[in-house]
Amino acid sequence: MFGKKKKKIEISGPSNFEHRVHTGFDPQEQKFTGLPQQWHSLLADTANRPKPMVDPSCITPIQLAPMKTIVRGNKSCKESSINGLLEDFDNISVTRSNSLRKESPPTPDQGAASRIQGHSEENGFITFSQYSSESDTTTDYTTEKYRDRSLYGDDLDLYYRGSHAAKQNGHAMKMKHGDAYYPEMKPLKSDLARFPVDYHTHLDSLSKASEYGDLKWDYQRASSSSPLDYSFQLTPSRTAGTSRCSKESLAYSESDWGPSFDDYDRRPKSSYLHQTSPQPAMRQRSKSGSGLQEPMMPFGASAFKTHPQGHSYNSYTYPRLSEPTMCIPKVDYDRAQMVFSPPLSGSDTYPRGPTKLPQSQSKVGYSSSSHQYPGYHKASLYHHPSLQTSSQYISTASYLSSLSISSSTYPPPSWGSSSDQQPSRVSHEQFRAALQLVVSPGDPREYLDNFIKIGEGSTGIVCIATEKHTGKQVAVKKMDLRKQQRRELLFNEVVIMRDYHHDNVVDMYNSYLVGDELWVVMEFLEGGALTDIVTHTRMNEEQIATVCLSVLKALSYLHNQGVIHRDIKSDSILLTSDGRIKLSDFGFCAQVSKEVPKRKSLVGTPYWMAPEVISRLPYGTEVDIWSLGIMVIEMIDGEPPYFNEPPLQAMRRIRDSLPPRVKDLHKVSSMLRGFLDLMLVREPSQRATAQELLGHPFLKLAGPPSCIVPLMRQYRHH
C-alpha cells in the first residue's frame with residue numbers, strides 16, 4: 001500500500017507513420033470520399049442496382065435440410081390486375097436481394113402482404129396455394145417478399161403465370177388485341193409470389209401436405225379469332241373429402257431444346273404423381289389441338305413430397321412433348337443425350353425426367369466444331385494439372401444418371417399407386433462431383449492470399465487476392481453451390497470464360513472447387529464497372545463510341561461462336577486502369593447452334609431485357625443488341641429507361657410500348673440517334689447484328705482507351 005510506485009510505461013509515437021487512406025465526407029454531395037475499395041463497395045450505390053434473374057423452370061432439386069413448417073392462410077388478393085401488385089415494389093428494401101445472406105428477412109407488414117392472395121407469413125416468407133383445374137393437388141409456393149429493383153426468374157415466372165389474372169369474384173378477364181405489341185406473344189399475367197433468393201434453401205421447407213381452400217385455375221384460349229384473346233378464370237374452390245396427394249413431382253416443358261414455336265401450349269405439360277391414398281385426386285383434359293391427355297400444374301410451382309420422417313423433399317422433371325398419347329411425355333433423348341457442354345446445357349437446355357437424368361450424346365452441332373471443351377487452362381502460375389482432352393470429360397449428365405437410374409425411358413405413370421418409386425434426385429454430392437470434372441484440382445489458397453471482398457452479386461461474392469510469389473492482384477469469384485437458384489449456370493462461369501478468349505472479354509485463369517464453393521480466378525480490372533461512370537459522370541459521344549466499339553467487338557466474337565450473353569448492361573462492363581474495356585459476367589449466357597437455334601428462357605435484368613425475352617418468344621443473339629442499345633441510353637441519361645418504375649411495370653412498358661428514347665434528344669447527334677435506332681428495333685429480325693454495327697459511322701468517333709481514364713478520375717472524386 002505504501003510501497004514504491006511503479007514506473008509508468010511510456011508508449012512512443014508511431015514510427016515511419018504515413019497516411020495511406022484519407023477519408024472524409026462531402027456535405028454537399030452527402031457522400032464519403034477517399035474510402036478504401038473494400039469499404040466503398042459496402043457503401044456505394046451498387047446495392048440499389050437491379051439484379052439479374054433466371055427462369056425457374058429448370059431449377060435443379062437437391063437435398064437440403066428442412067425448414068420449419070409454414071402455415072398457409074386463405075386470404076384472397078384485393079386486386080386482380082398486375083398494378084395492384086406492383087405498388088409494393090417501392091416499399092421493399094433492395095438488400096433483400098442478397099443471395100448470400102445468412103438469415104431470413106424480417107416479417108413484411110401485413111398491409112402489403114394482404115395484397116397477395118391465399119397466403120400467410122412466417123419469418124418474412126409467404127406460402128401460396130393454387131388449385132389447378134387439371135389436378136386436384138395442392139402446390140405450395142414458399143416465397144419471399146419481393147425486393148425493390150431486384151427481379152429473379154422466380155418472380156417473372158409467376159409474373160407470367162400468376163393467380164392474379166382475374167378479379168377476386170372470379171370474373172373472367174380477357175386481354176384485348178391491342179394490349180401488347182406482338183400479336184403472337186403470350187399475355188403477361190402477374191403472380192408476384194416470389195421465391196426467396198436462397199431458393200434451394202427453402203424448397204424443402206414444408207414438413208407435411210396440408211388441406212386448405214385453394215383457388216381453381218382455369219386457363220383457356222378464348223373463342224375469339226385474335227391470338228391474344230385468352231380468358232383467365234379464378235374461382236374459389238374447396239375439395240372437402242378429397243385427399244390431396246402428398247407425393248408429386250412437377251414436370252415443365254418450358255425448355256429450349258429445339259425450335260418449337262408453340263406460343264400457347266408451352267405451359268407446364270405434365271405432372272408425375274404419387275398418391276398416398278388410394279383415391280387418385282387427378283383430372284385430365286385434352287389440350288386443344290393436340291389430343292394430349294395430361295394434368296396441368298401452375299408454372300413455377302414447387303411440388304413437395306412428404307418424407308416418412310416428416311421432412312419434405314421436392315422433385316422436378318423437365319420432359320418435352322414427344323408422345324401425344326402419354327400422360328407424361330417421353331424425353332426426346334436424341335436431343336437430350338448430349339456431350340456435357342455447359343454453355344448449351346447449363347443455361348436452359350438441361351433436361352430432366354422423373355426417372356432418369358440425361359445421357360451423353362456424341363455430337364452437338366456448334367457453329368464450327370463440336371466444342372467438347374478440351375481442358376484449356378492458360379499457361380501461367382494458375383495452371384494446374386487438369387483434364388486435357390475431350391475424351392477425358394465424362395458427360396456430367398450420364399455420370400449422374402449412372403449413380404441412380406438405369407432405365408432409358410419413362411415408365412407409364414400409376415396415378416393411384418402409393419408404392420411407386422420417387423423420381424431420382426441430383427444430390428449435392430453428385431452435382432459437386434460433376435462440377436469437379438470441369439474445374440482444376442488443387443486449392444488456390446496455396447498460391448493466393450490477402451483475400452479482400454470488393455463486391456457481391458446474385459450468385460456469389462467477388463474478392464481480390466494477391467499472388468504470393470509475384471504480388472500480382474487477381475479477382476476471385478466465390479459461388480456457394482448450395483445457394484444457387486440454378487446450379488447448372490455455374491458451369492457457364494467455368495466453361496465460357498475458359499474456352500472463349502478475346503481482348504475485350506475478361507480473362508479467366510482457372511477455376512476450383514473449394515469445399516462447397518466454386519472459385520473462379522480471373523484477371524482483376526482496377527477500373528471497376530462502367531456503372532460507376534454512368535452513375536456519377538456524363539460521357540461524351542467519343543467516350544460512348546469507344547465503349548460501344550469494344551463491347552461490339554466482344555459480342556461479334558461471342559455471337560459468331562453461338563454464345564448469347566443475356567445480361568448486357570453497364571454492370572457487366574469492366575475497365576482496366578488504362579481505360580480498356582472488357583465484357584464480364586457470363587453466368588447467365590446460353591449457347592445456340594444449328595440444333596438449338598433459339599432460346600426461350602427468361603434470363604436477364606428487367607430494365608435491359610429485350611421485348612421478345614419478356615414475351616417468351618424464341619430468341620437468339622439479337623437480344624444482346626437490344627440490351628446494348630439500352631446501355632447506350634444508360635450512358636447518355638445516366639440510367640436505363642423506366643428506371644424509376646418497379647421492374648415488372650418497366651417490363652410491361654418494354655413489352656407493350658414503342659422502343660424507348662433518350663430523355664433529351666436534342667443533346668444527341670443524329671449519328672448517335674441513327675446508331676441507337678438500329679439496335680432498339682422491336683422486331684428481332686430487323687435488328688442490326690454486332691458485325692453490322694461495327695461498320696456504323698458513329699463508331700468512327702471512338703478514341704483510344706485513354707479517353708476513358710478522365711471519367712474514372714471524376715467518379716472517384718465524388
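Quick reminder: no glycine exception, Cβ is built from N, Cα and C everywhere.
Computed from a predicted structure; not experimentally measured.
Lifted from Swiss-Prot, the feature list:
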type	residues	note
ACT_SITE	D567	active site, proton acceptor
BINDING	I454, G455, E456, G457, S458, T459, G460, I461, V462, K477	ATP binding site
COMPBIAS	226-244	compositional bias 'Polar residues'
COMPBIAS	359-371	compositional bias 'Low complexity'
DOMAIN	11-24	domain 'CRIB'
DOMAIN	448-699	domain 'Protein kinase'
MOD_RES	T107	phosphothreonine
REGION	1-29	region 'Disordered'
REGION	25-447	region 'Linker'
REGION	96-119	region 'Disordered'
REGION	226-245	region 'Disordered'
REGION	264-296	region 'Disordered'
REGION	339-371	region 'Disordered'
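With DSSP states grouped into helix (H, G, I), strand (E, B) and coil, the domain 'CRIB' (11-24) comes out at 0 helix, 1 strand, 13 coil. Around the Cβ of E456 (ATP binding site), 18 further Cβ atoms fall within 10 Å across all displayed protein chains. Neighbour count (other Cβ atoms within 10 Å of the Cβ, all protein chains): 23 for S458 (ATP binding site). Of all residue pairs in I454, G455, E456, G457, S458, T459, G460, I461, V462, K477, the annotated binders of ATP, the farthest apart have Cα atoms separated by 14 Å. For the binding-site residues given as I454, G460, the lowest number of other CB atoms within 10 Å of the residue's CB is seen at I454. The DSSP secondary structure for V462 (ATP binding site) is strand. According to its DSSP assignment, the residue listed as 'active site, proton acceptor' is coil.
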